[in-house]
Amino acid sequence: MGMEGFHIANGPTADYGGSLTFSVILTCIMAASGGLIFGYDIGISGGVSSMLSFIEKFFPSVLRKMIMHGPQTSVYCLYDSQRLTAFTSSLYIAGLFASLVASKLSKKIGRQAIMLLGGIFFFLGAVLNAAAVDLAMLIIGRMFMGFGVGFTNQSTPVYLAEVSPPRWRGTFSSGFQFFLALGNLLANVVNFEANHIKKWGWRLSLGLAAAPSLIIVFGSLFISDTPSSLVLRGKLDDAKTALLRVRGPDADTDGELKEVIKSVEEAKQNEAGAFRRIMRREYRPHLVMAVAIPLFFQLTGVIVMAFFSPILFRTVGFGSNAALIGAVILGAVNLVATSCSSFTLDRLGRRPLFFIGGVIMVICQAAVAWIMGAQLGSTGAKQMSHGYSVAVVVLVCGHAAGFGMSWGPLNWLIPSEIFPLEVRSAGNGISAAVGLFCTFIQTQFFLSMLCKFKYGIFAYYAGWIVLMTAFIALFLPETKGVPLESMNLVWGRHWYWKRFIKERKDLLIQAP
C-alpha cells in the first residue's frame, strides 16, 4: 500500500521539510547514539560471562561444571545457572519500569532531557559494575544501567521520528539500530582484548560502558528538544526555533508548525489518562502493534544469540578466544546489514524488508538446529568437527544479517511512527516496556531453555519467525513516506484495522 504523494484535502500538504540539512543530520546522529549503550550492554554481558576470571569470581559453580565436565554432563547445560542469568536479566527488569516512568516524565521535561537522564544512569551503573566486589554490587550496577536503557529506549526512537523529515524518517530512525549494532561490535572487540588480561580484564569490559554513556550525555546537551515536545509544554517560540534548526534557517516552517500545534491541541483535548485511552477501540491497531512488534523482535532469537554468542560458540567447540572472535564477526555482520537497511527503508518500504529478513532467518535457524542435532546429539557428548563448527558461525552470522536488514531497525522505527500524538508517549512506553520485559524473560531463561530444548531451541525460534512474518503480511500496512500527522489515514484504509479507526470526513487520501 504505497503512500507516496498523498495529501490532506482542504489543507496544506503534509510533506514538510523534505530536504536534508547538516543540522538535521547532526541532530539525528547525536540522538541515535542513544542506541550505543543498549548495544554495548548486549555485547559486553555475553562476553564477560565467558571470561574465566569473571566466572571464577562471581559464579564458581559454573566453573566447577566446566572443569568436571564429563560424558554425563550435557554440553548444552554447562552454563545453566540462575545466578549467571540474573546478572544479565536484572538490567532489563529495571529498564521495564524505567521506560514506563519515562513515558510520563517526558511530557513534563521533554524527550531530550529523558535521553540525558538515561546517559547519566548508565554511567553510574558502569562505574558500580567496574568496581564490583560481589554479585549484589554487580546486580545493583546492572539495575542502574537498566534505568539508563529504559529511558533512552523510550525517548530516542520517538525523538528521531519527530525530528526527521517524513521522506527520510526510515533512514534516520534506523540510526538507533545502527548505533546499537555499533555498540555491540565495539563491546565484542573490547571483550576480545580484555580477555587477555587474566585477572581484571572483565572490569575493563564493564567499566568501558561509561564511554558510550558519556557520548549520550554530551550529545544530549547539544541538541534541542523536538518541536512536538516543546509545543506540548507550551514553548511555541522554542518549537519554531527547533524547527528552523533542523529544517534550515531559510525553510518555510509555518505550515509544519501549524500542523504540530493542531496535533498537540487535539492531543491535549484527549490528554487525560493516555494509558487508559490507548485501550479504547479506536486505538486497537496501535496497541496491538505496541505489543506485537517488540514481542516478535525478541522471538527472532537474535538478542539471546548476541548476548550468549561467545557461550554458544564455546558450546560448538571453540575455545575462549575463538568464541570471542566469532562474536566480533557476528557483531560486524549485524552492523553492515543494518547500514545497508538504512538506504533501503525509504526506498523499498517496511514490509518487503520484513519478508526478506524473515526468509533468511528461518533458513539459518533451521540449518543450525539440523547441524547441532546431527553433530552434537541430544546430550552434546559427540565432538563437532571444525568444518561444522565454522558452518554454525556462518549460519548464525547469516541470521544476524537477515535480522539487521529487517527486524533490527524496524523494531524501533514502526512503534515510533504509528502512534497519534495523544498516545505517542504512552504507546512507546508500552512498546519499550514489552521489549525489555521480553528481554528479561529470555535472558533469564535462555540458558535453561538451551539445556532443556538442546538443539531444538533453534527450531523453536524458526517457528516463531514464520508466524511473525505471516502476521506482518496480514496486519501491518506500509508506512513509508507517511507524515506522522497523517498516519491514521493508513490504518483507516487497511482491510482489517479500518473497522476500528474513526472516520475523518475532513481528510482524504489521494493516491498518486
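Using the three backbone atoms N, Cα and C, a Cβ is placed for every residue, glycine included.
As annotated by TrEMBL, transmembrane segment applies to 20-40 (among others).
Residues or ranges marked as domain 'Major facilitator superfamily (MFS) profile' by TrEMBL: 27-480.
Residues annotated as transmembrane segment in TrEMBL: 84-102 (among others).
Marked as transmembrane segment by TrEMBL: 114-140 (among others). Long-range neighbours of the transmembrane segment (114-140) within the same chain, counting only residues 6 or more positions beyond its ends whose Cβ lies under 8 Å from a Cβ of the stretch, are 31, 34, 37, 58, 83, 86-87, 90, 98, 102, 105-106, 146-152, 154-156, 159, 203-204, 206-210, 212-217, 220-221.
Annotation comment: TrEMBL describes 174-192 (among others) as transmembrane segment.
What TrEMBL lists as transmembrane segment is 204-223 (among others).
As annotated by TrEMBL, transmembrane segment applies to 287-308 (among others).
Positions annotated as transmembrane segment by TrEMBL: 315-333 (among others).
The transmembrane segment annotation in TrEMBL covers 353-376 (among others).
What TrEMBL lists as transmembrane segment is 388-410 (among others).
For 430-451 (among others), the entry in TrEMBL reads transmembrane segment.
Using a Cβ-Cβ cut-off under 8 Å and counting only residues 6 or more beyond its ends in the same chain, the transmembrane segment (458-476) has close neighbours at 285, 288-289, 292, 296, 299-301, 350-351, 354-355, 358-359, 361-362, 365-366, 368-369, 372, 414, 449, 494, 496-497. Here TrEMBL flags 458-476 (among others) as transmembrane segment.
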Spatial neighbours of the transmembrane segment (174-192) far in sequence, C-beta under 8 Å, 6+ residues away: 28-29, 31-44, 47-48, 51, 156-157, 160, 204-205, 208, 212, 306, 310, 321, 324-325, 327-328, 330-332, 334-335, 338-339, 341-342, 345, 404, 408-409, 411-413
When counting Cβ pairs under 8 Å to the transmembrane segment (353-376), the leader among 84-102, 204-223, 388-410: 388-410
Same-chain residues at least 6 beyond the ends of the transmembrane segment (204-223) whose Cβ lies under 8 Å from its Cβ atoms: 27, 30-31, 33-34, 36-37, 40-41, 44, 47-48, 51, 112-113, 115-116, 118-120, 122-123, 125-127, 129-130, 132, 141, 145, 148, 152, 183, 186-187, 190-191, 194, 197
Same-chain residues at least 6 beyond the ends of the transmembrane segment (84-102) whose Cβ lies under 8 Å from its Cβ atoms: 41, 45-46, 49, 55, 58-59, 62, 114, 118, 121, 135, 138-139, 142-151, 153-155, 307, 429-430, 432-433, 436-437, 439-441, 443-448
Contacting positions for the transmembrane segment (388-410) when only residues 6+ beyond its ends and CB under 8 Å are counted: 170, 173-174, 176-178, 180-181, 293, 296-297, 300-302, 305-306, 309, 312-313, 316-318, 326, 329-330, 333-338, 340-342, 344-345, 350, 353-354, 356-361, 363-365, 367-368, 371-372, 375
